[in-house]
Amino acid sequence: MKAARRPHSPRVEKESSMTPRKKLEGLVAATVTPMTPDGQINLSVIHQYVDYLVSEQNVKNVFVNGTTGEGLSLSIQERKQLAEEWICQGKNKLDHVIIHVGALSLPESQELARHAAAIGASGIAVMAPFFFKPTNKDELIAFLQKVASEAPAVPFYYYHIPHLTGVKIHVEELLDGIKKQIPTFQGVKFSDTDLLDLAQCISKNESKQFAFLYGVDEQLLSALAIGANGAVGSTFNYLGRKTNLMLQAFAKPDLPLAQKYQFLTGEFLNFVIKLGFGVAQTKAVMTFVSGIPMGPPRLPLVNASEEFIIKAKAKLDGIVWPDGD
Ligand SMILES: CC(=O)N[C@H](C=O)[C@@H](O)[C@H](O)[C@H](O)CO
Ligand SMILES: CC(=O)C(=O)O
């Protein structure tokens, strides 16, 4: 099968915003990158993907080209095409389209940041470079600053994912004076289990100028208790509606109900993690839940096994949710 053609050309918009800008909070789906059976990016299903997230999962924010999106396995050209398609299809439907523009090469990351700004992304995010790594806070901020300054009107998020980047600099350390170095700094996607670091970040953020979005879905409730503003995660692609009910229960507050949702999403994740769970498996789960063909992952990732799919589906179908589903 041939790669789906890009249906439109890049559009440069004067204002870097999708819809009137709301603060980023609540759930953000870390999108998978749909691929054709022969491994090309498949832009043709993104329209359907947007509608599915909004109408079936009640999720109106997306994080594109991140870990789940295999962003670091895509070419620069593919990343641009995907960013354009998400922004185009999300227009008047999604609240926020955040584009991950991190790369090992600074000029490539800068190019992606300029591109995201030109097409009207509602935010950009950058993870730490992870081959040659920054060894301290100053080196990391210097890199982030060089990328952020290429998109001076676009909110900037640091993407903290130390178990994948190997860059374990505490976020709390980064925050001191960061607005002076990165005026567009808006918050952190915090994908680590170190809730002490998260709590220190939140307690330092007294004026609530920054957003802290948690990224370990199976323990989101703990992060909410400590004051996280929302979450970016892969499971909100297919458990967005249930996780939204957890957020509502927490806000009410009905802690026992919120716990029940967390226990059940945790039961599913605990089950699949034991089988071996990563981006390939997320694509498979999203395919059987949504009916949208997300296709295979790109090497070095390989397709989820049939056995995984059968077991994961049976597990998910067997969960009895508090809302009676
Ligand atoms: C490594 C990774 O992909 N983490 C995701 C976001 O950061 C999470 O959404 C996890 O996929 C999820 O928490 C399941 O472990
Ligand atoms: C999970 C997440 O946030 C990502 O895929 O980048």
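Cβ atoms are placed via backbone N, Cα and C, with glycine included.
Automatic, uncurated: that is what TrEMBL annotation is.
For 1-20, the entry in TrEMBL reads region 'Disordered'. Taken from TrEMBL, the feature pyruvate binding site applies to Thr68, Val232. Taken from TrEMBL, the feature active site, proton donor/acceptor covers Tyr159. TrEMBL lists Lys189 with the feature active site, schiff-base intermediate with substrate.
A map of TrEMBL features onto the structure.
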{"residue": "Thr68", "record": "pyruvate binding site", "DSSP (3 states)": "coil"}
{"residue": "Tyr159", "record": "active site, proton donor/acceptor", "DSSP (3 states)": "strand"}
{"residue": "Lys189", "record": "active site, schiff-base intermediate with substrate", "DSSP (3 states)": "strand"}
{"residue": "Val232", "record": "pyruvate binding site", "DSSP (3 states)": "strand"}
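With every protein chain in view, the residue among the recorded positions Thr68, Tyr159 whose Cβ has the most Cβ partners within 10 Å turns out to be Tyr159.
Residue pair Thr68 (pyruvate binding site) / the residue listed as 'active site, schiff-base intermediate with substrate' shows a Cα separation of 14 Å. Lys189 (active site, schiff-base intermediate with substrate) has a Cβ environment of 30 other Cβ atoms inside 10 Å. Close contacts with ligand 1, defined as a Cβ under 6 Å from any of its atoms, occur at Thr68 among the recorded positions Thr68, Tyr159, Lys189. Note on Val232 (pyruvate binding site): other Cβ atoms within 10 Å of its Cβ, all shown chains, come to 29. Note: the CA-CA distance between the residue listed as 'active site, schiff-base intermediate with substrate' and the residue listed as 'active site, proton donor/acceptor' rounds to 5 Å. The two recorded residues, Val232 (pyruvate binding site) and Tyr159 (active site, proton donor/acceptor), have Cα atoms 10 Å apart.
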